[in-house]
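K.L.:
Feature table excerpt (Swiss-Prot):
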BINDING   GLY211, ASP212, PRO213, GLY214, VAL215, GLY216, LYS217, THR218  ATP 1 binding site
BINDING   GLY613, PRO614, THR615, GLY616, VAL617, GLY618, LYS619, THR620  ATP 2 binding site
COILED    396-530  coiled coil
DOMAIN    3-151  domain 'Clp R'
REGION    6-71  region 'Repeat 1'
REGION    86-151  region 'Repeat 2'
REGION    164-345  region 'NBD1'
REGION    346-553  region 'Linker'
REGION    563-775  region 'NBD2'
REGION    776-879  region 'C-terminal'
Amino acid sequence: MDMNRLTQKSQEALQEAQTAAGRMGHTEVDGEHLLLALLDQEDGLIPRLLQQAGTEPKELRAAVREELSHRPKATGPGAAPGQVFVTQRLARLLDAAEREAKRLKDEYVSVEHLLLALAEESSSTAAGLLLKQAGITRDSFLSALTQVRGNQRVTSANPEVAYEALEKYGRDLVLEARSGRLDPVIGRDAEIRRVTQILSRKTKNNPVLIGDPGVGKTAIVEGLAQRIVRGDVPEGLRDKTVFALDMGSLVAGAKYRGEFEERLKAVLSEVKAAEGRILLFVDELHTVVGAGAAEGAMDAGNMLKPMLARGELHMIGATTLDEYRKHIEKDAALERRFQQVLVDEPSVEDTISILRGLRERLEVFHGVKIQDTALVSAATLSHRYITDRFLPDKAIDLVDEACARLRTEIDSMPAELDEITRRVTRLEIEEAALSKESDPASKTRLEELRRELADLRGEADAKHAQWEAERQAIRRVQELRQELEQVRHEAEEAERAYDLNRAAELRYGRLQDLERRLAAEEEQLAAKQGENRLLREVVTEEEIAEIVAAWTGIPVARLQEGEREKLLRLDEILRERVIGQDEAVKLVTDAIIRARSGIRDPRRPIGSFIFLGPTGVGKTELAKTLARTLFDSEENMVRLDMSEYQERHTVSRLMGAPPGYVGYEEGGQLTEAVRRKPYSVVLFDEIEKAHTDVFNTLLQILDDGRITDAQGRTVDFRNTVIIMTSNIGSEHLLDGATAEGEIKPDARALVMGELRGHFRPEFLNRVDDIVLFKPLGERQIERIVELQFDELRQRLAERRITVELTDAGREVIAHQGYDPVYGARPLRRYISHEVETLVGRALLRGDVQDGATVRVDAEHGELVVTYDQPEDVKGAWAA
């Protein structure tokens, strides 16, 4: 027999038969070895055919192994390992298989021909007897083969690819809907109706669903499958089935030229043979264009066109707007064969309805209860804060993750119990150490420790018992919910089959009984938990808000008591750091309070301010302090020095370079920073130095609270505080300040006039407040000196060195280090030169030891720094 006429799987089976014979110590490879190899083949056709014929392959495999185990084995010095001979019977079997292939008009000898040859053998052979005992005859096997193979012939070395191609490379959505595996589809009636209209057409009956990712395109097709199951479709669609084709598995593993085309042709042949009963659904339709195309090969899109044009193939596609434009619209011949169905993002109200429909499924899966307020919160918060994704997908994800978080907490040890367990472990280690000591103090401590341990162990046991009881109760509730859903599904099936007795028994018998038991279990669980519950099994709006905060970094949870107090005291906290600028502090604080209390305009930033004033009066310091107070870190401040944006070509760096330019992939310095930290202070330092085109960019941010970057992504600025600092008119503020530090009305008018001369009206009109910073007086400078020394104290605290500043020293530093033109900035330089340098030298020389006290004083108008060592060793030097 010509071995080249064997298919790939047949050759593998013969090779495996030879290997099995050698492994078992047999010198000859026979028909039983071949039968075992056919049964053992991974993803093989024979086990599937035997199951179709009503035989269990595992039992037959065990019987063949049992038979082979009784055969004589070649052992000892005369045995030649690895040397296996083919029996005459096996050679005759191969010839018989070749005859079977000719009889079936096949070009290659496949595995089914080999099994037919084995089934044709008489009962005198072990293989023939075992197959007959298993109920496999030539006729029964041919019947099963016809069901799987249809009218296809073996024309290639890998024919299994073409058998049951739809089952292999697709999912039957109607079957899944009938078995209750699909989630319910709420709404989308207009889109499903439009799809059914297009499918009912004579030609060009191929709808393509186009919409943003996550709006529910696939759900529409699942909804159609569910309607087909319910019979809620036109007469022409009643007996149809929907197969979702998986392009990934169709392409995966296609190693050789033509293998992909062969698989797709097999799928299309099955669809054609079904004579319109199969609707083919291709998710991500754009993957069809170019799929499988290599040099000289035809891509999937071109293979589909003839069948689509003739109406032999009913296809439903789904893709996004961008992918449709990029791939499908370029191929006009393919595009005209599809009818577009645009799928818009649902409204918040529709999303809430969708979530209510999915609630029961999520509750059953996670074993938790979801409050209706949590669903409303998920829809509204995701719409408001997660702007780069689409409803209902992002809202469903929120609820799903909130449920998963609670489920994880239920399965993990509660924090209270975990803390007690850790304390018990720590005390047990201490007990083991103290038990080795013999002194009276250790013995006394040991007795106390053992009493404490006994109390803690008792508490831990009680908590553990409570935890287990609550977990068991939650598990019972979950099992009842699952059973309830199963009974509902069975009742629906019975109603579809018009088995009204069964439906009535389920609906008015078991279903009501289960609902009563579930209500009783939930009451029992609530009573068990009481006030001192360890586990939470109800998803509330608080959990949803926590997930949103974790995703976006925006604190959307309801204000906690501590945060409420902090916000009410925000102006006091800011005044501790920003000295002498009460008006600026009040305006900024009011904006934050309006935002966090939820009464501001949700379409604009939290607040936008222009800070005007001379250098060194606290404009940048206020922005830093605000970031530190609100977000616990100055890292949440996006600072842009506008002197870097003086030229026109540098403006593109804010939003990213346009396509085709270097740096396009990196995004903009402003937009990327805000995308990563959407809840932050954005500081545009020295705004007057920026190019005028920068203000065109800022107009949209200030008015709409959003901007589109170079890559087309919308960046949300609605949760940012925008601060722009400027030195415009600072000379008027310096000259026009009263002795008390107040700004004269005429000086204010001059500053505003100069401001209007520099910035356009449409820009100034969009800013919430223009804040004038007053020049600092000597009293404020003295308070700033104290703040600077607080920073020095913190730096020296690691070495336990304390710094004392006398009133005289403070006055000298304030007098020497202050310049009205430069503000408070020279203070830092003065302290650095006159104090920090001297202390640094003393530390290096060893004059100041750890634990010493450094005193900064003044004598005769000169600064004097002295130090006290812990051993009362003193030294002094004049500055």
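Quick reminder: no glycine exception, Cβ is built from N, Cα and C everywhere.
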K.L.:
With every protein chain in view, what's the tally of Cβ atoms within 10 Å of the Cβ of ASP212 (ATP 1 binding site), excluding that atom itself?
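P.N.:
Taking every protein chain into account, the count is 17.
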K.L.:
Within 10 Å of THR615 (ATP 2 binding site) (Cα to Cα), which of the binding-site residues GLY211, GLY214, GLY216, LYS217 do you find?
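P.N.:
For THR615 (ATP 2 binding site), the binding-site residues whose Cα atoms are within 10 Å come to none.
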K.L.:
Given the ATP 2 site residues GLY613, PRO614, THR615, GLY616, VAL617, GLY618, LYS619, THR620, which other residues of that chain have a Cβ within 8 Å of the mean position of their Cβ atoms, reported in sequence order?
P.N.:
PHE611, GLU621, THR725, PHE773, GLY823, ALA824
K.L.:
Applying the rule Cβ within 8 Å of the centroid of the Cβ atoms of GLY211, ASP212, PRO213, GLY214, VAL215, GLY216, LYS217, THR218, what extra residues of the same chain belong around the ATP 1 site?
P.N.:
ALA318, THR320, VAL343, GLU345, PHE390, ASP393
K.L.:
Can you tell me how many other Cβ atoms are located within 10 Å of the Cβ belonging to LYS217 (ATP 1 binding site)?
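P.N.:
Summing over all protein chains shown, LYS217 (ATP 1 binding site) has 25 other Cβ atoms within 10 Å.
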K.L.:
Can you tell me how far the Cα of ASP212 (ATP 1 binding site) sits from the Cα of GLY613 (ATP 2 binding site), in Å?
P.N.:
48
K.L.:
Do you know offhand how many angstrom separate PRO614 (ATP 2 binding site) and GLY214 (ATP 1 binding site) by C-alpha?
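P.N.:
Just about 51 Å between their Cα atoms.
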K.L.:
For VAL215 (ATP 1 binding site), what is the tally of other C-beta atoms lying within 10 angstroms of its C-beta?
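P.N.:
For VAL215 (ATP 1 binding site), the 10 Å Cβ neighbour count is 21.
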K.L.:
If you count the C-beta atoms lying within 10 Å of each candidate's C-beta, which of the binding-site residues GLY613, GLY616 ends up with the smallest number?
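P.N.:
Among the binding-site residues GLY613, GLY616, the sparsest Cβ neighbourhood within 10 Å belongs to GLY616.
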K.L.:
Can you give me the Cα-Cα distance between GLY618 (ATP 2 binding site) and GLY211 (ATP 1 binding site) in Å, rounded to a whole number?
P.N.:
50
K.L.:
Count the Cβ atoms, other than its own, that fall within 10 Å of the Cβ of VAL617 (ATP 2 binding site), considering every protein chain shown.
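P.N.:
So the Cβ neighbour count for VAL617 (ATP 2 binding site) comes to 29.
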K.L.:
What number of additional C-beta atoms lies within 10 angstroms of the C-beta atom of THR615 (ATP 2 binding site)?
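P.N.:
A 10 Å sphere around the Cβ of THR615 (ATP 2 binding site) contains 15 other Cβ atoms.
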K.L.:
Please report the number of other Cβ atoms within 10 Å of the Cβ of GLY214 (ATP 1 binding site).
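P.N.:
Around GLY214 (ATP 1 binding site), other Cβ atoms within 10 Å: 17.
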K.L.:
Nearest to PRO213 (ATP 1 binding site) by Cα, among GLY613, GLY616, VAL617, LYS619, THR620 (binding-site residues)?
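P.N.:
It is THR620, whose Cα lies nearest.
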K.L.:
Looking only at GLY211, PRO213, GLY216, PRO614, GLY618, which of these binding-site residues has the biggest number of Cβ atoms within 10 Å around its Cβ?
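P.N.:
For the binding-site residues GLY211, PRO213, GLY216, PRO614, GLY618, the Cβ with the most other Cβ atoms within 10 Å is GLY216.
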K.L.:
To the nearest Å, how far is the Cα of VAL617 (ATP 2 binding site) from the Cα of GLY211 (ATP 1 binding site)?
P.N.:
53
K.L.:
Going by DSSP, how much of the domain 'Clp R' (3-151) is helix, how much is strand and how much is coil, in residues?
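P.N.:
Across the domain 'Clp R' (3-151), DSSP assigns the residues as follows: 96 helix, 6 strand, 47 coil.
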